């Protein structure tokens, strides 16, 4: 291989890595913005907190919620990640597409609407109860896939460097937060008395928001968000000189 061909191959490989990192940062940023936007609207417009993120579907923020989840679904569906090594059954692409299906299903199949609220197409086809069941199945797929990224996929690779070991520790914490939040939500659903006692504090919303922030944090770290911000600041300083 000639030197020029080798340089071209290296340049393309570098561009591919940068593309993946940018995609990861975009996914993470959208994850951060969703709960922040819902909380900001509830407080800023004095609308009160909803019991869950899903309940915001039937508010003025419904389009923001659906749009963000659909955007995350598109990014996850197009995400390829690393090629699997021989013997690896859990792959980046399959996990990302599972999460994409879950995010899309969560967005398109809402929970049971308030009285008098018009039904969506899926609610008209399957009924409100089935639509809500599909919604929770989608949420389980979405959060389940995100926990797999944190606990299995993101921690792969060379762990000889301290930086990678620190990152892996953060990934595992994020994955643990996602799984713990899911378990806590299930317990609130299975124990009606506990759910009613804590209802004034909107525990499901905060658990969902915590899980989403954990997912967002892990993807931003994997996308080297700090390095990207530092590069932007460096360019801005250079432009001011």
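Heads up, the Cβ atoms here are built off N, Cα and C, so glycines get one too.
TrEMBL labels come from automatic prediction, so no person has curated them.
A Cβ distance under 8 Å defines the sequence-distant neighbours of the transmembrane segment (26-44), meaning residues of its chain 6+ beyond its ends; these are 50, 53, 56, 59-61, 64-65, 68-69, 71-72, 75-76, 79, 208-209, 212-213, 215-223, 225. Marked as transmembrane segment by TrEMBL: 26-44 (among others).
Within its own chain, the transmembrane segment (56-79) has Cβ neighbours under 8 Å at 20, 23-24, 26-27, 30-31, 33-34, 37-38, 41, 45, 47, 50, 92-93, 96-97, 99-101, 103-104, 106-108, 110-111, 113-114, 117, 145, counting only residues six or more beyond its boundaries. Feature annotation from TrEMBL assigns transmembrane segment to 56-79 (among others).
Residues or ranges marked as transmembrane segment by TrEMBL: 136-157 (among others).
Annotated transmembrane segment per TrEMBL: 169-191 (among others), in sequence order.
Sequence-remote contacts of a segment are chain residues at least 6 beyond its ends whose Cβ falls under 8 Å from one of its Cβ atoms, and for the transmembrane segment (203-221) they are 24-25, 27-32, 34-35, 38-39, 49-55, 143, 146, 149-150, 154, 167, 170-171, 173-175, 177-178, 181-182, 184-185, 188, 195. What TrEMBL records for 203-221 (among others) is transmembrane segment.
Packing against the transmembrane segment (136-157) from elsewhere in the chain are residues 54, 76, 81-82, 90, 92, 95-96, 98-99, 101-107, 109, 164, 167-168, 171-172, 174-176, 178-179, 181-182, 211, 214-215, 218-219, 222: each is 6 or more residues past its ends and has a CB under 8 Å from a CB in it.
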